[in-house]
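Only one structure is covered here, and it is reproduced in the block below.
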Amino acid sequence: MAVELPGTFMQRMEDMLGSDYEQFAESYQETPYGGIRANTLKISVEELLALSPFTLAPIPWCPSGFYTEAGARPGKHPYYHAGMYYIQEPSAMAPVELLGVQPGDRVLDLCAAPGGKSTQIAAKLQGEGLLVSNDLHPDRTKALAKNLELYGVRNGIVLNESPGRIAAAFPGFFDRILIDAPCSGEGMFRKDEDMVKQWEPDTPLKYAAMQREILASAAAALKPGGALVYSTCTFAMEENEGIIGEFLASHPEFSLIPVGGTGSFAPGLGGLPGAARLWPHKVKGEGHFMAVLRHDGSSASPEEAAVLKLNGRDKALPVSPRNKGGKAQSSTKAAAARADGGRGGKGGRAANKSGGAAPGRQSQGMGEEAALAAYSVFAEEQLGWQPTGYPVLFGDHLYISPLPKAALDGLKTIRPGWYAGHIRSGRFIPGHPLATALHPAESIRSLSLPGNSGEAVSYLKGETLSIPAERLSVRSGSSPKGYVLVCIDGYSAGWGKWQDGMLKNEYPAGWRWT
Ligand SMILES: C[S@@+](CC[C@H](N)C(=O)[O-])C[C@H]1O[C@@H](n2cnc3c(N)ncnc32)[C@H](O)[C@@H]1O
């Protein structure tokens, strides 16, 4: 590699690895591996393998992950724009595989931007339950929100908060928490020269202080009986086994679930063999550390116990009550709102015409009732069904949320849910993220453009297309005129508006193929 590795770092690695050190040092001469992960919210692994224009080889620790060959440019294919796969470093696919997410779980991804692992969690949830994706840095939440939208996530909320404030708002709430901690990034040195340039001998200790705090907050937000995964992409023991060992010593209600020493996962160091490491000289991937911690379920604080009691009401409350006035909630009411949400069914098919509304600010120009009615008319006419969830209005913008709006009171919220669209001149205009999360059968009109055609690229560039009516799939009894879900080889990419043989392009400017 072009950048020279710091001498202090290499000396420390030699001390850590002993006889393995030479092999480790040699691994820096190899080209880093590239990977993609099938977005199983939209496409099955088998379908992706059948369609893939790239040669794919399985990644041992991730059933939906594949190595791409050197020189492949998966970001430059229309399939990328249809959200069919996420481009991800192979080792980075491991932590979510250890998290044990099941559809219906409430999951918190505490350090989530740009969203690689959040999209992986969303695929595990399959639209059921709740995903809260958070990042402390506001500029990084833009990419996070965009990725969740590109990948068609319906049950996600994006926050820009400190872990401490999230724990205070959601004590003992989540079934699963991922802490993909900010770290000194030593495991990425082969891939990212900037990480090398930023590294100094005391960098690991600086990050350790942050990691300690983040882990303590995560523990407070975890439901007794729940599990969390702590991961880093660094080798420094201070940021890895050191953090976990210290945490276990001060949190007897947590135990380490051993994964190190199984399959591709090498054991942790320093008396913590149950923690797991991926070494770049042992696997085809960069350096990673992971530890799986389980709360034994026995020591809920009085505050946690109160929330758990409320949580018990989940199943009895299928829709949210109306929150008249949208004023700040008392913490008890906010907790009740949280307890009420996040267990909804699939953010999808089943119609829920009486679905509860948690009003936000009044929409400008028309009342909230009228705004929701305009949306409802759109859903009936253009989709033929009503997405389930809590409608949340921010100004003229409508989101379908997995939680009642009150549950997010006081939290810096970037996306309160699945963005459905906005109201303009009394009409509902569907948003791009509504389209990217739909399957063709969920829209009254759809059009599939071949992925290897110039047409797909023209659409992604924002051009108008000439499309005869016979090429549209239109539900029987409906007119071909109107919004069309434009798909690439059958996978949704955005909206178009068809009339008289022309498809007006609705692909958003900021997303276009360049
Ligand atoms: C390793 S990256 C996360 C990568 C991400 N999980 C993914 O798979 O795409 C760590 C993230 O933590 C964020 N971060 C830094 N300090 C934080 C804190 N105290 N709380 C939450 N997030 C933090 C950074 O902005 C950064 O985006």
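Quick reminder: no glycine exception, Cβ is built from N, Cα and C everywhere.
Please treat TrEMBL annotations as automatic predictions, because they have not gone through curation.
As the structure is a computational prediction, the values presented were derived from the model and not from experiment.
Straight from TrEMBL, the features:
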- 24-296: domain 'SAM-dependent MTase RsmB/NOP-type' (DOMAIN)
- Cys111, Ala112, Ala113, Pro114, Gly115, Gly116, Lys117, Asp135, Asp180: S-adenosyl-L-methionine binding site (BINDING)
- Cys233: active site, nucleophile (ACT_SITE)
- 311-365: region 'Disordered' (REGION)
- 326-339: compositional bias 'Low complexity' (COMPBIAS)
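Structure coloured by features recorded in TrEMBL.
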residue: Cys111; record: S-adenosyl-L-methionine binding site; contacts (Cβ under 8 Å, 6+ apart): Asn134, Asp135, Leu136, Ile179, Asp180, Ala181, Pro182, Ile214
residue: Ala113; record: S-adenosyl-L-methionine binding site; contacts (Cβ under 8 Å, 6+ apart): Asp135, His137, Arg140, Thr141, Ala143, Leu144
residue: Gly115; record: S-adenosyl-L-methionine binding site; contacts (Cβ under 8 Å, 6+ apart): Ser133, Ala143, Leu144, Asn147, Leu148, Tyr151
residue: Lys117; record: S-adenosyl-L-methionine binding site; contacts (Cβ under 8 Å, 6+ apart): Ala92, Pro95, Val96, Asp109, Leu178, Asp180
residue: Cys233; record: active site, nucleophile; contacts (Cβ under 8 Å, 6+ apart): Ser91, Ala92, Cys183, Gly185, Glu186, Gly187, Met188, Glu286, Gly287, His288, Phe289
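Take the mean position of the Cβ atoms of Cys111, Ala112, Ala113, Pro114, Gly115, Gly116, Lys117, Asp135, Asp180, the recorded S-adenosyl-L-methionine site; other residues of that chain with a Cβ within 8 Å of it are Asp109, Ser118, Ser133, Arg140, Leu144. Within the set Cys111, Ala112, Ala113, Pro114, Gly115, Gly116, Lys117, Asp135, Asp180 that the record links to S-adenosyl-L-methionine, no two Cα atoms are more than 13 Å apart, and one pair reaches that distance. DSSP assigns the residue listed as 'active site, nucleophile' to coil in the three-state reduction, placing it in neither a helix nor a strand. Summarised as a single figure, the pLDDT of the domain 'SAM-dependent MTase RsmB/NOP-type' (24-296) averages 97.
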